[in-house]
Amino acid sequence: MTPQRIGFVASPAPVAQEALVAMEARYGQCPLPEAEVIVALGGDGFMLQTLHETQSLDIPVYGMNRGTVGFLMNGYAGDGLRERLAEAEEEILNPLVMTAVTEAGEVFHRIAINEVSLLRAGPQAAWLKISVDGKVRMEELVCDGALVCTPAGSTAYNYSAHGPILPIGADVLALTAIAPFRPRRWRGALLPKTATVRFDVIDARKRPVMADADGRSVRDVVSVEVRSEPAIRHRLLFDPGHGLEERLIREQFV
């Protein structure tokens, strides 16, 4: 079915704003809650922002690249948008839920589509204890940080930290160390998608750590739990033959 009600959103970048004006003039603008499809104009960062902001609407999002990276985006073209939307293939992403507790006892809940990362917030290395499903798996990881990522997020920070690229349909999460010092050769682990990962910060006052969920940070954490949330669905649309599975494969041969 060819969608008629399209809601456009765009990043503040001039090139994205220019595209927004052109698209609205050509296809009209529908309020997002009433739209059949949301079209996001920008880069991957703006796509993540759009998915977070429209999470409660359960409306598919089609990205058009007006940014830098565009891994989650389709190519930009002014012509034939309705036809592209009618032929687009849908991918379902389940995000991560982060529960972070600070030294002051505050509890923060965050959603992450790509990854949850812990990073040292001072000059000294972070010391982390890692548990999986309530069982301690590593008493002490000395590192710059660690992260847990989804398959969709495995080509982002995880890949830069030498973590594995995960097939989009894989029911696994990647746990990846960031610049590990001890154990020196430990890079991480592949875990079931149902796993709950807990990080406890050792000597948090001397070695402060921050937690980050898709760019939203919590400082001075003492513990962080991360798990996948199957009840939350993000719906992404891609042009045929250019879905996330193909992109993940392609990234490994660049």
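Using N, Cα and C of the backbone, Cβ positions are placed for all residues, glycine too.
Model, not experiment: these values are computed from the prediction.
In Swiss-Prot, the NAD(+) site is described by D44, G45, N114, E115, D144, A152, T155, A156, Y157, N158, Y159, S160, and among A19, A22, A25, A179 the residue recorded at this site is A179.
It is D144, among the recorded positions D44, D144, whose Cβ has the fewest other Cβ atoms within 10 Å in the structure shown. Close to Y157 (NAD(+) binding site) in the fold, though at least 6 residues off in sequence, lie N114, E115, S117, L147, C149, each with a CB less than 8 Å from its CB.
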